[in-house]
Each structure stands twice: as structure tokens, then as C-alpha cells.
Amino acid sequence: MAQKIVPASARTSQIFGHQLKLMEMEQNQVEILSYFKRSPNLRLKASASPPGLTQEIIKNQQKSITESSSIYFSEMKQRFLRFKKDKYLENLSHYENLADIQAPKFMVIACADSRVCPSNILGFQPGEAFVVRNVANLVPPHENGPTETNAALEFAVNSLKVENILVIGHSRCGGINALISMQDDDNSSSYIKSWVVVGKPAKLRTKAAASDLSFDQQCRHCEKESINQSLQNLFSYPWIQDKVISGTLVIHGGYYDFTNCTFEKWTLEYDSSSSVDGGYCLRNREFWC
């Protein structure tokens, strides 16, 4: 079936029009909710007379969200069709091969933060990297038991036979912010706090080395410290340590500063003859800017 090609200028106009419409809807929604919050008498009246103004505002909000989602998916559809035309069909044999088997050289453990997609930053193409993303790009130690992250590790290392594991942290990480902010006596049932506590050793080292720095500087210090903690935690998995020692697997750390668009990369090696830091040493540090 012939595909109708829409001129670039027309597509731009459509997308720009959609964005203007979306901004207008969001502004209207904010104004309605702001007025409602500023008017206690209105709130009292609405709550006393359902299905009155409160339900009407909820319906308008739901309608606005539905319309916004429709616009987003419309743009998403166009992106998918461009991907199919410009990449998938242009490299059909490659994608057909990927349908049968994958053999990535890298496993990447990155943060779930929407601003730091590793494929976008480092240009990974389909089939090149097996990627798992979680809050604050943490790797729990082996003794902590099963999680989605170490299940992915097991599959990538033992089944896919990846040759490299790359743990990527980033600037202004909300997960690390939560870790540094967490009080020692915090018994909260928060899922986030229950997860980021994996990085507590990195937090303790940060507090010991940078307690005189500002909160933001401590977070930045811990962002890098937690990457090294995750790299060391990788060695707690016997099947990872064995492969590193045998030379069939190499583990790396990376730090993406998206405020300056710089990338720092290093390798953590195991040296059984060294007693420093448990036999771990950092090598091959590079700074890309």
C-alpha cells in the first residue's frame, strides 16, 4: 500500500499546532484548579452538593488528560512510522537477524530518569546493548536476594555472554538526592527509600569525605561514589567475579553530566595481588567533552 508522504513543513505545522493546543488545555486546567484552591467557599459548596462542581472539574481534568494523551500518541505514531520507513525497512536484513538472535557486547545499567536514556546519549543501536534501568542505577549485592536488576545481570552474563557491563550514573539524580536526604532512623515504608538504601555504603563514604560541602555537592560526590559501589557489588556475584578474573568480562563505570553534556568513563579491575580497596583498582579513566 502506498504511503502518503506529508511534507516536512506540514508535519512541523501540525506538531506545532498540537503543542499550542496542548499548552492551551494545560493552562486552562491550571487556572481552573488554582481558582478552586483559592476559593474555600466554592470547595465547601462543591463537596456539599455532589455531583456538582467537584465532579465537573474532575471530568474536565480527565477530558484534558485524555485529549493530551491523544496528541502525544498521535506524535508517537508519526515517530514510529518514520522509524519504520527510515530505519527498519532500510536495514531490514539486520532486523530480521535480530528477530532470531541477539548477541550484544554490552550490558548497561542506567538510571530510569527520563533525561538520561543511554541509547540516546551513547548511540546504542538495536542489538548492541542489553539495558536495564532502575532508580539511581544501583546494583544490589548478591546477598540481598533476587531483584529485577540481578535477574537481568544473570541473563546478560550467563546466557547472552556479554563482554562488558557498564553502570552509568548522572548529575542531579533524584534517587541519590533521596539517599542523601534519608535519616538513619527513617522507618518509612516508601518503596524508593527501601530501594536506595542499597547505596548506603556510598552515602557513608560521602559523609566521611565531604561532610563540609553543601548538600548539592554531597549529592554530586555520592552520584559517582555509588557507581563505584555498584561496580564493587558486581564482584559479589560469583559468576561475574569468575568471568572478570578469567578475562572474559570487563566492568566499567560511567558518569553523564547532562548540565554540561560531558561523560566520564573508567574501568574497575580486580587485582588479587593488591590489598588496597579489597583488590579493586580504577583504570583507563577518560573524560569526554
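Note that Cβ sites are derived from N, Cα and C of the backbone, with glycine treated the same way.
In TrEMBL this protein carries:
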- CYS111, ASP113, HIS170, CYS173: Zn(2+) binding site (BINDING)
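The Cβ of ASP113 (Zn(2+) binding site) has 19 neighbouring Cβ atoms from other residues within 10 Å, across all protein chains displayed. The Cβ of HIS170 (Zn(2+) binding site) lies under 8 Å from the Cβ of CYS111, ASP113, ARG115, VAL116, ASN137, GLU223, TYR255, TYR256, ASP257, PHE258, each of these being in the same chain and 6 or more residues away along the sequence. The Cβ neighbour count for CYS111 (Zn(2+) binding site), using a 10 Å radius and every protein chain shown, is 25.
Residues CYS111, ASP113, HIS170, CYS173 make up the record's Zn(2+) site, and a Cβ search at 8 Å around their centroid adds ALA110, ALA112, ARG115, VAL116, ALA136, ASN137, GLY169, SER171, ARG172, GLY174, GLY175, ILE176, GLU223, TYR256 from the same chain. On its own chain, CYS173 (Zn(2+) binding site) has CYS111, ASP113, ALA136, ASN137, CYS219, GLU223 as residues at least 6 apart in sequence with a Cβ closer than 8 Å to its own Cβ.
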